[in-house]
């Protein structure tokens, strides 16, 4: 009999929370919608750490998560103060306790999830004629690109729900392109960090499934908001990415990935 993992319980709790939050979205308004974010952040953190622990061991899992959380939080704080590289924006206090009155603690957790999901769903490209570092660069680049596309689904939703306010509303559904470029730059650095800490080893398909389901749940919630409020492009991109994640999960389970060393 297969043991029930902590991440499985947390994933079930997140699924229930998404259903409840979806109902609140249509009948309870923004404040009730925001009330579930803190719980969701805790559940996501449990899922990520527990799955990584089973794959890489407790020390590497905790180290990877702490580094991503600290660095992403630092970059966001710098962005809020200097408007670089993410552009000028502020948070409105609806996303939970704010670190130093600047960064809601749930945002680094969200960045951690995007980074880990992208790390798990991209794979090293074999480039035998080149040095192994070229393959690792490709892996980090592809993962950062996927994370940016995922972020492009959520950012318009965050802005529309009043979680964050951009000083300049332009670009992709009111989100400045600078924000996405800055996000890509930061995420690329985070992916390089993950590759270094996690020894360049891909996440096995059975473990990747937890990340796939977690991201699908959040994508569904974001798509509901987009559909309800006329964010057509965000909805369409979310649908495409959701289908791609499902396909990638199925394809990944069929083969073994060889990582260059």
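Keep in mind that glycine also has a Cβ here, set from the backbone N, Cα and C atoms.
Just so you know, TrEMBL annotations never went through curation; they're auto-generated.
Positions annotated as transmembrane segment by TrEMBL: 9-27 (among others).
Here TrEMBL flags 33-52 (among others) as transmembrane segment.
Long-range contacts of the transmembrane segment (59-82) within the same chain, counting only residues at least 6 positions beyond its ends with a Cβ under 8 Å from a Cβ of the stretch, are 45, 48-49, 52-53, 89-91, 99-100, 102-103, 107-109, 111-112, 115-116, 182, 186, 189-190, 193-194, 197-199. Sequence annotations record features per position, and here TrEMBL assigns transmembrane segment to 59-82 (among others).
TrEMBL lists 102-121 (among others) with the feature transmembrane segment. Away from its own ends, the transmembrane segment (102-121) comes close to residues 37-38, 40-41, 44-45, 48, 52, 65, 68-70, 72-73, 76-77, 80-81, 91, 93, 95-96, 143-144, 146-147, 150-151, 154, 187, 190-191, 194-195, 198, 202-203, 207-208, 211-212, 214-215, 218, 245, 248-249, 252 of its chain (Cβ-Cβ under 8 Å, at least six residues beyond either end).
Counting only same-chain residues 6+ beyond the ends of the transmembrane segment (133-160), those with a CB under 8 A from a CB of the stretch are 110, 114-115, 117-119, 121-127, 166, 169, 172-175, 179-180, 183-184, 187-188, 190-192, 195, 200, 215, 218-219, 222-223, 225-226, 229, 231, 233-234, 237-238, 241, 260. Per TrEMBL, the feature transmembrane segment maps to 133-160 (among others).
Sequence-distant contacts of the transmembrane segment (180-198) (same chain, at least 6 residues past either end, Cβ-Cβ under 8 Å): 52, 56, 60, 63-64, 67-68, 71-72, 75, 79, 84-87, 111, 114-116, 118-119, 136, 139-141, 143-145, 147-148, 151-152, 155, 171-172. Look at TrEMBL and you will find 180-198 (among others) tagged as transmembrane segment.
Positions annotated as transmembrane segment by TrEMBL: 210-225 (among others).
The transmembrane segment annotation in TrEMBL covers 231-247 (among others).
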